[in-house]
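First comes the structure, then the notes that go with it.
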Amino acid sequence: MSTLFLNARLLNPAENLDTVGSIKIGDDGLIEAVATGGESIPAKAEDNVIDLAGKVLAPGLFDMHCHFREPGQEYKETLETGSAAAVAGGFTGVALMPNTRPVIDSPLGVAYIRHHSAGLPIDLEVIGAMTVESRGEALAPYGKYASYSVKAVSDDGTAIQSSQIMRLAIEYAANFDLLLIQHAEDKHLTAGGIMNDGAVSAMLGLKGIPEVAEPIMIARDLQLIAWLKKHKLNGAVAEPRYHVAHISTAESVALVRKAKAAGLKVTCEVTPHHFTLTEHDLSSSIEKGNFIMKPPLASVENRDALIEGLRDGTIDAIATDHAPHAKHEKECPPDQAAFGIIGLETSLGLTITELVDKGVITLSQAIELLSTNPRRIMGLETILFRAGRKANLTIIDPDCEWIVSESDFGSKSRNTPFMGRKLKGRALGIYHNSKLIMR
């Protein structure tokens, strides 16, 4: 049975498309026809016709930074429940970080994820570890990753501390055209820290994490990349592609902005919790465990710098760093809480509420940040609204107002600081892999 979406706002930044129109999809999942500019697509009696007047059809959202905990910590999340969380948030694909148990640092680990994700409603891209067991001591087999069509490497959560190992990672990743995703953290500065270092941490009696721990690592990496580009590469290998995960400070944004101006292939992402919350939200909350994450929630000034980075295009993507934890790991004193929160179900709503509605970015730019750019950065195929192309769509109601509640989550975990928060904008469903899934 074919599916016919009528009267939707067709919004696809990759095609500079923003107009009211209709899309018909065959039962094979391929787009049969696209109508805009007052044109119409005739419906057949057997078609599944859905009127989307006032709603948006966008390219399927893609989150390039998620943790689904499988293998090894299935009590927090599984590939199946993580995928359910993604669908609830309007995502048709995500990229999975390798810090599972065991770490995904070999083709065997990649094969495990692909085998166990077969039949799930979304696409799962596997990110390989930068180093063996993410210990920062010896490089993982980048050549074998490439042969398994892995697109990126990261030691997320345990940034490479050795400059020599990082230099090798940059060179080898460039040779195999792998994106380097850096969790920028100087562990010598952050050891034992719980939240942003400053007056608020002192007031709460919690050990602080100095904000300089992030830009120090970014500056080191960018210096290495610039040096290798000038003195070592000489066209012998591809230029490194470097991506900063969950950027959180003004200085980090400034470094990325400067590197882009210098012509380096540098991109970065920000999480909804970092452009929405600050350290003061932690201090005023009773349930502080759900405000503990890395990098920590920072000052108002740093949060505002992130918003400006989104406004001027320095920040390329919005990613959730979806990090599920069990109830007992978060409902505890803050200095005992696990780092991280879930984010797939609330990402779109926070983006529209905090950025689009406040005039920081347009809805089209939001789709770029949530879909077009993450796919481009990861080296994935661009989604186009054209006949013959595979339909990969997210259905959005940008005006829907809703209160975040437990019933909204597909995730196995509930560790969010946004429970009870009023948001505007919500995914109503997805069309992907020849299947329509509506909320």
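Using N, Cα and C of the backbone, Cβ positions are placed for all residues, glycine too.
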Zn(2+) 1 site partner of H65, H67, D321 (as recorded in Swiss-Prot), chosen from D155, D156, D177, D221: D156
Additional site residue, N16, N99, N373 [criterion: listed by Swiss-Prot with H67, F68, R69, H325, F339, G340 for substrate]: N99
D156, H246 bind Zn(2+) 2 per Swiss-Prot; candidate in H183, H188, H280 listed for that same site: H183
H65 (Zn(2+) 1 binding site) as reference: those binding-site residues from N99, H246, H325, F339, G340 with C-alpha within 10 Å of it: H246
Taking residues H67, F68, R69, N99, H325, F339, G340, which bind substrate in the record, the widest Cα spacing (Å, whole number): 15
Which listed residue (F68, F339) has most other Cβ within 10 Å, given these are binding-site residues: F68
Distance [Cα-Cα, Å, rounded] between G340 (substrate binding site) and D321 (Zn(2+) 1 binding site): 8
Neighbour count (Cβ, 10 Å) for N99 (substrate binding site): 24
Residues that sit under 8 angstroms from H246 (Zn(2+) 2 binding site) by C-beta distance, when 6+ apart in the chain: H65, H183, E269, V270, T271, H274, P295, A319, D321
